[in-house]
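Taken from TrEMBL as is:
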- 22-41: region 'Disordered' (REGION)
- 64-83: transmembrane segment (TRANSMEM)
- 92-249: domain 'Sodium/calcium exchanger membrane region' (DOMAIN)
- 126-144: transmembrane segment (TRANSMEM)
- 156-180: transmembrane segment (TRANSMEM)
- 192-211: transmembrane segment (TRANSMEM)
- 231-251: transmembrane segment (TRANSMEM)
- 272-294: transmembrane segment (TRANSMEM)
- 279-417: domain 'Sodium/calcium exchanger membrane region' (DOMAIN)
- 314-337: transmembrane segment (TRANSMEM)
- 349-370: transmembrane segment (TRANSMEM)
- 376-397: transmembrane segment (TRANSMEM)
- 404-424: transmembrane segment (TRANSMEM)
Amino acid sequence: MGSHQQEPWLLENGKPRVLTKENRHGRSAHSMSSTSLRKKSSRTLVSKLPCATLRSILLNLQEVILGTKLSILIPAIPAAIIAECYGFGRPWIFILSLLGLTPLAERVSFITEQVAFYTGPTVGGLLNATCGNVTELIIAIFALSSNKIAVVKYSLLGSILSNLLLVLGTSLLCGGIANLKVEQKYDRRQADVNSLMLLLGLLCYLLPMLFKYSGASAALTVDPSLHLSRASSIVMLIAYVVYIVFQLWTHRQLFEAEDEGEDGEDGEEEQAVIGLWSGIAWLVGMTVFIAVLSEYVVDTIEDASDSWGLSVSFLSIILLPIVGNAAEHAGAIIFAFKNKLDISLGVALGSATQIAMFVVPLCVIVAWIMGIDMDLNFNLLETGSLALAIIVTGFTLQDGTSHYMKGLVLLLCYIVIGACFFVQRTPFNNQADVTNITLKPATNAVLSA
């Protein structure tokens, strides 16, 4: 007899709905990284309740709310809402909202994987590809609605940098130290594909910036640079769609996460714990809470900047990505400890690729629809940091082996870039026009020579 009675909506042909070999092919490294933060809870007491409706509700709450090691941060969600309603200090609302977003992002990954039990591996893979960075996308959309284009650019740039340097660097460093006597290897083919996509994205970011400062007058290049950014964004979205086809259909064997022996403590097959419609309802509810907290973050980031004496650029590029994606980052590091670098690389490179090739160009298109002029010009310092991060990461992953020294170099690069934005004090009065104040005098001097 099983440990608990299976609910009717969790059964398929009278048997528990399990993660079959076919469905396992649809699991991405992103979804697998979150499994390391999940915990099983006993359902014996709840399953004895006579009322089926009450039993269903409590089982759902137990699996979704208490089924994660990050459940300790869930009280930050109502705390942030209460702080906003009762007019608490704006910096407190900012930090509570950030902490609340951390378990929400992990739970979205869990719920999309549960829905994949019923939809199959292909739709499940599409859900993971779409919802993988839903937090960054929602924050960006709210920032756009407030015409805070700088926050959009800074936060998305910070997410790419943190994935390439912080997450990947920490994973390689910890994995190398934990496996000193073992040669760490990974499949470099996946890394090659993601590196090519990132280089394409870098080209699309570089050209608007170079184009803007190549003319005799910056005013004459504003509109052409904007048009170029929108055209480049369409190209990037097309490339990302092809990348998804490449990942989920034609070459999915390159992106399969090797998870043998990770299904459970005793090696049992993973089973669905919530129903299809319950999963969809939870997904909608989580998205609503992410939207509410994202709005709080966007509204309070400048107040937090003034209160703490930190620049908005530092908070957006460094703090937002670290706290908002802490669950995903922790999962990647845990798998690196287990010498499963393919999963760690899939998390870091996959998220960076998704943000660079999907979220950023989508924000440009959404801003275009909203009548807001957002281009792909991230300014000289920011674009230069991104270019160096992509190049250093590419060199790090070129031979298919890893050791702790590679991770240390990536991590030190991130620390130097973080220090740069910590000391930077960019004027932030006009959110819609963040210009690089150091490049213009140099350009004008060259043109006048």
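Note that Cβ sites are derived from N, Cα and C of the backbone, with glycine treated the same way.
Caution: TrEMBL annotation is automatic and unverified by curators.
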Paired segments the transmembrane segment (404-424) and the transmembrane segment (156-180) in contact, 3+ CB pairs under 8 A: yes
Candidate ranges 64-83, 156-180, 192-211, 272-294 - greatest C-beta contact count to the transmembrane segment (314-337) (under 8 angstroms): 156-180
CB contact flag for the transmembrane segment (272-294) and the transmembrane segment (64-83), at least three pairs under 8 A: yes
Long-range environment of the transmembrane segment (64-83) - Cβ separation under 8 angstroms, sequence gap at least 6: 37-41, 89, 92-93, 96-97, 99-100, 102-104, 106-107, 110-111, 273-274, 282, 289, 292-293, 296, 327
Among the ranges 156-180, 192-211, 349-370, the one whose Cβ pairs under 8 Å to the transmembrane segment (376-397) are most numerous: 192-211
The domain 'Sodium/calcium exchanger membrane region' (279-417) - residue tally per DSSP class, helix then strand then coil: 115 helix, 2 strand, 22 coil
